[in-house]
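In what follows, a single structure is set out as structure tokens and then discussed.
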């Protein structure tokens, strides 16, 4: 296994993608937020003191996709053509699954943008609900799907 973010002397580098042809790149990532079922019930009913939690988390996730190169030092600045954040809620378990999809016509993939988007949306949910539930956890941040480029299509086989 080789890591392409290092040169021959072991120094960190940004991978040179200048010789690659742009192709349509898509990635979907997920993050899981677990809270008390009553906290999620209040969130879904609009009974939070901080307003539209999922709406704000959606915007935070979209903004995060666009800001990824400022947070992940060796990621490439990309022209994002699409970013979306959706939520699947399970009221009986108090679980929210954040799903972020990013698309771009670029020379490198958008996996980091999708994962950053999902993670920041999950962190925003935590931030807006922590006053009501200190035990909220965030977990299972993972890539679910990627498409485009030399390596083609990849899909996670086991549930995240």
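Heads up, the Cβ atoms here are built off N, Cα and C, so glycines get one too.
Note that this is a predicted model, so its numbers are computed, not measured.
The following features are taken from Swiss-Prot:
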- 127: active site (ACT_SITE)
- 74, 75, 76, 112, 113: substrate binding site (BINDING)
**Asked** Ranked by the number of other Cβ atoms within 10 Å of their own Cβ, which of the binding-site residues 74, 112 ranks first?
**Response** 112
**Message:** To the nearest Å, how far is the Cα of residue 113 (substrate binding site) from the Cα of residue 127 (active site)?
**Reply:** 21
**Message:** Within a 10 Å radius around the Cβ, which one of these recorded positions has the most neighbouring Cβ atoms: 113, 127?
**Reply:** 113
**Complete:** Same-chain, non-site residues whose Cβ lies within 8 A of the 74, 75, 76, 112, 113 Cβ center for substrate are 68, 69, 72, 78, 108
**Message:** If I take the alpha carbons of residue 112 (substrate binding site) and the residue listed as 'active site', what is the distance between them in whole Å?
**Reply:** 22
**Asked** When DSSP states are folded down to helix, strand and coil, where does residue 74 (substrate binding site) land?
**Response** coil
